[in-house]
């Protein structure tokens, strides 16, 4: 199981998750995408949420899948899951134990289960648990996606520091957009220096699909 988080919201988790799953499936690795918790959605009028996009991809493998099969807590409010849950469904806190069981059931059918979190590692799910706690409970490997803008060095190093302090395998990958020419002169020089001293180098996502698939499966 691979848990995908990010340095922050809008870093490109969903895009990267879909690209990695498509690559894995093309390589013969049967891969499903799950979005157990999603906020800022209105399923009655908007069918382009992260989970809807995942469902579209997943149905290439199993036409019987529905949104409820891959996304279990869905809220209208654009906020951390804890805040949305307390406002919209205060008597039904998110049960990560139940989620863990449901997500692990997919490992019986699929070679690789990709779980996308909401926001970054410290986003609260309950008063006691955040996204990193959830990934640890799942015993999943972690793929952390970084944006490619100015400030990514600080964001990557902070997340690397946090992840190193926990017992889980992780990789950090930069979601490099094709039109970002500034990255190569502003941020890449430090990333290359960092990688010479680190036993867990930061990679560029688009250049590392094979590496990331191998990491997820090993």
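Including glycine, each Cβ sits where the backbone N, Cα and C put it.
Record features, source Swiss-Prot:
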- 35: active site (ACT_SITE)
- 9-15, 50, 116-119, 175-177: ATP binding site (BINDING)
- 14, 50, 116: Mg(2+) binding site (BINDING)
- 35, 116, 117, 118, 119: phosphate binding site (BINDING)
- 39, 151, 152, 153, 154: substrate binding site (BINDING)
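Feature map: Swiss-Prot annotations on the structure.
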residue : record                 : CB count, 10 Å
9       : ATP binding site       : 15
14      : Mg(2+) binding site    : 21
15      : ATP binding site       : 15
39      : substrate binding site : 23
116     : ATP binding site       : 26
118     : ATP binding site       : 26
119     : phosphate binding site : 22
152     : substrate binding site : 24
153     : substrate binding site : 16
175     : ATP binding site       : 21
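According to DSSP, residue 9 (ATP binding site) is assigned to coil rather than to any helix or strand. Taking the Cα of residue 152 (substrate binding site) as the reference point, the closest of the binding-site residues 11, 116, 117, 119, 177 is 11.
Around the Cβ of residue 151 (substrate binding site), the number of neighbouring Cβ atoms within 10 Å comes to 12. Those same-chain residues not listed among 14, 50, 116 yet with C-beta within 8 angstroms of the centroid of the Mg(2+) site C-beta atoms are 4, 13, 17, 18, 33, 35, 38, 51, 53, 54. For the recorded positions 9, 11, 13, 35, a Cα-Cα cutoff of 10 angstroms around residue 119 (phosphate binding site) retains 9, 11, 13.
Within 10 Å of the Cβ of residue 117 (phosphate binding site) there are 26 other Cβ atoms, across all protein chains. According to DSSP, residue 116 (ATP binding site) sits within a strand segment.
Ranking the binding-site residues 50, 117, 151, 153 by the distance of their Cα atoms from the Cα of residue 9 (ATP binding site) places 117 first. Cα of residue 39 (substrate binding site) to Cα of residue 14 (Mg(2+) binding site): a distance of 14 Å. Each residue contributes its Cα atom, and for residue 151 (substrate binding site) and residue 117 (phosphate binding site) these two points are 22 Å apart. Within its own chain, residue 50 (Mg(2+) binding site) has 13, 14, 35, 38, 116 as residues 6 or more apart in sequence whose C-beta sits under 8 angstroms from its own. On the backbone, the CA of residue 15 (ATP binding site) and the CA of residue 154 (substrate binding site) stand 22 Å apart.
Around residue 11 (ATP binding site), taking its Cβ as the centre, 23 other Cβ atoms fall within 10 Å, counting all chains. Our reading of the substrate binding annotation (39, 151, 152, 153, 154) yields a largest Cα to Cα distance of 28 angstrom.
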